[in-house]
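I have placed the structure first, in the form of structure tokens, so that the comments after it can refer back to it.
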Amino acid sequence: MPWIQLKLNTTGANAEELSDALMEAGAVSITFQDTHNTPVFEPLPGETRLWGDTDVIGLFDAETDMKDVVAILEQHPLLGAGFAHKIEQLEDKDWEREWMDNFHPMRFGERLWICPSWRDIPDENAVNVMLDPGLAFGTGTHPTTSLCLQWLDGLDLNGKTVIDFGCGSGILAIAALKLGAAKAIGIDIDPQAIQASRDNAERNGVSDRLELYLPKDQPEAMKADVVVANILAGPLRELAPLISVLPVEGGLLGLSGVLASQAESVCDAYAELFTLDPVVEKEEWCRITGRKK
């Protein structure tokens with residue numbers, strides 16, 4: 001069915017209040033967008049990331065009388081009569097089909113493919129990870145996930161143990177197992193991530209070699225040949241003492257979720273215990289790798 005979209009611009013501080021106003025006026029869903037496409041930095045746990053200038057977009061049923069909606073919104077103290085807004089009729093589409101059509105198998109490095117379940121596998125002889133795009137966790141489309149997958153593809157993982165610190169969907173741990181790792185361990189603070197990783201591991205036939213833990217449950221003496229952490233610069237710095245002890249002597253470390261402008265401070269947090277490689281950049285993001293001294 002067709003929809004009507006109403007967009008208004010405000011400050012990040014007022015976005016939540018105007019979101020409530022749109023819902024009270026009849027919106028069936030709300031979306032926040034950055035007006036200026038500013039890079040996203042770390043939110044605090046549980047925080048909704050908003051920007052200095054934020055577009056608040058309400059979606060309304062096509063039968064909605066938008067004059068009535070505008071009249072209701074004009075009564076809000078943050079808006080007032082004649083407030084700036086844009087109303088747009090959205091054409092009727094098969095939105096689910098259009099969303100699915102945007103996702104294709106993606107190749108990382110020489111061997112590894114990430115494939116949505118509804119697409120044909122491009123190369124049956126390649127290392128294929130079946131993973132459907134989702135809203136919350138990594139699927140390979142973000143530059144940081146791509147950087148980590150390419151790094152794993154270039155390693156000899158046969159018989160190795162790999163820790164995926166901040167596992168999300170489990171994409172990195174599962175890729176490592178498909179690339180030959182004997183065992184992978186996924187750690188995440190979010191129980192939903194643990195469940196997503198478990199489901200994806202079962203889909204890819206590697207659940208018997210994947211251990212998953214919330215931080216409070218992880219074994220104390222846990223070690224691995226390879227440790228990868230695709231989280232964010234702030235946590236990477238703060239958790240450096242914890243992450244640094246996970247690789248065995250001579251083990252490998254891969255870090256991402258870091259903007260290029262943040263790379264130096266993250267490198268500084270690990271330089272004492274690791275011999276670091278040159279930083280690799282992709283679309284303003286970077287990957288930091290090294291070997292345990």
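Using N, Cα and C of the backbone, Cβ positions are placed for all residues, glycine too.
Database features, via Swiss-Prot:
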BINDING   Thr145, Gly166, Asp188, Asn230  S-adenosyl-L-methionine binding site
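Here the features listed in Swiss-Prot are painted onto the structure.
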| residue | record | Cβ within 10 Å |
| --- | --- | --- |
| Thr145 | S-adenosyl-L-methionine binding site | 25 |
| Gly166 | S-adenosyl-L-methionine binding site | 22 |
| Asp188 | S-adenosyl-L-methionine binding site | 24 |
| Asn230 | S-adenosyl-L-methionine binding site | 26 |
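In this record, S-adenosyl-L-methionine is bound by Thr145, Gly166, Asp188, Asn230; the longest C-alpha to C-alpha distance in that set is 16 Å. The DSSP secondary structure for Asp188 (S-adenosyl-L-methionine binding site) is coil.
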